[in-house]
Amino acid sequence: MSQSDTPNSPDEIEDSSAPLIEHLAELRTRLIRAVGAFIVGIIIAFAVAEPILQFLLTPIEATLRDLGDPSPTLQYTSPQEYLFTLFRISMVFGFALSFPVIGYQLWRFVAPGLYKKEKNAFLPFLIASPVMFLLGASFAQFVVTPLAMSFFLGFADVSSIFANLLSGAVDTAQSAAVVPETSEGVKITFFGKVNESLDITLKFIIAFGLCFQLPVLLSLMGKAGLVSAKGLGNVRKYAMVGILLLAALVTPPDVVTQLILFTVVYGLYEVSIFLVSRIEKKREADLRAQGLWFDDDDDEDDSDEAAKAETPAATDPEEEEDLSEDVFGEGEEFDDPMIEEFEDEDAEYDPEAKPKDGPKDGKDDGEDDDGMVNKS
């Protein structure tokens, strides 16, 4: 055996490690392209970060105007705060812009290891995921954030601002919603910070965007057979508790936003149960068309029939007599010499018993084979 044929030769080790090296090289290429797309997205988003910031702060601006502030203004208290705020916006929206490229690179890396049926099953969920995130983010921006801002700002200032408007006092600071001066106490004024206001808005957008992924996730798990509609329905009460805990963690500590998030996520949970049931019905229809689906009732019937077949049926003596008459004829007896011979052999042996037919061939006991008398 030559050295190249030995099991531990360098050539064999290199050949066996070649697929792993190819996968690592492919992963490296996909990561470089994804990171490059992310950097390009950050640059593009940073160029339009200020218009994006104005768009994100629209709910708080509208709330302040509704509460009587003619010129809503937000402030920053540190030199680098505004720059970091714009950079955060560019990071978040740069990822959003580059997500199609990142998702495509991920798909190109995973797809060669999947069967065609698995590709067809996974691709719709890959498309639905960003759509559902965009839907959740839009719901947070246009519905949840305005309600939350109205609750936060109006809870403290609504009564005093309405009193100010009714009394005709309009000498308010243009940069704040102000409680009018009183003879006692201090004047309470709202000076909003850019960074903190943006934090609340982004938290709502990300939280609702991720929560809207619930139907996609559960439908994908149902497609893989990991969950069922019946199982999701059985754990509905535990899901409600989990959704309440999620609402308490990802939203500010107020009842309004928690109830909104709970209502939306629980509705998505029910939608997920419906989608999983549709997937199960479609799978059942496909298996029935292929002849591979068996109902539980059919399995029970088959087992009962098999048990009846294995259990010997009780016979009626009259039926046995009728059967024998049908075979041998009524009133007839079936004589078989072989059966009689076996019956004679089964009889008890008696050494003193004499033969029924006497001596064979007409010979007496005293005669031998030659016809001579045996005198002894």
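For all residues, glycine too, the Cβ spot is worked out from N, Cα and C.
Curation plays no part in TrEMBL annotations; they are all automatic predictions.
From a predicted model like this one, the values you see are computed outputs, not experimental measurements.
Listed features, source TrEMBL:
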COMPBIAS  294-304  compositional bias 'Acidic residues'
COMPBIAS  316-350  compositional bias 'Acidic residues'
COMPBIAS  351-363  compositional bias 'Basic and acidic residues'
COMPBIAS  364-376  compositional bias 'Acidic residues'
REGION    294-376  region 'Disordered'
TRANSMEM  31-49  transmembrane segment
TRANSMEM  82-102  transmembrane segment
TRANSMEM  122-144  transmembrane segment
TRANSMEM  200-222  transmembrane segment
TRANSMEM  234-250  transmembrane segment
TRANSMEM  256-276  transmembrane segment
Which bits of the chain, at least 6 residues beyond where the transmembrane segment (200-222) starts or stops, bring a Cβ under 8 A of a Cβ in it? 56-57, 59-60, 88, 92, 122, 125, 128-129, 132-137, 139-141, 144-145, 148-149, 228-229, 232, 246, 250-252, 257, 261, 264-265, 268-269, 271-273, 275-276, 279-280
Can you name the far-off residues of the same chain, 6+ from the ends of the transmembrane segment (256-276), with a Cβ under 8 Å from a Cβ of it? 139, 143-144, 147-148, 151, 204, 207-208, 211-212, 214-215, 218-219, 222, 227-229, 232-233, 236, 239-240, 243-244, 246-248, 250
Determine which residues of the chain contact the transmembrane segment (234-250) at the Cβ level, with the cut-off under 8 Å and only residues 6 or more beyond its ends counted. 203, 207, 211, 257-259, 261-262, 265-266, 269
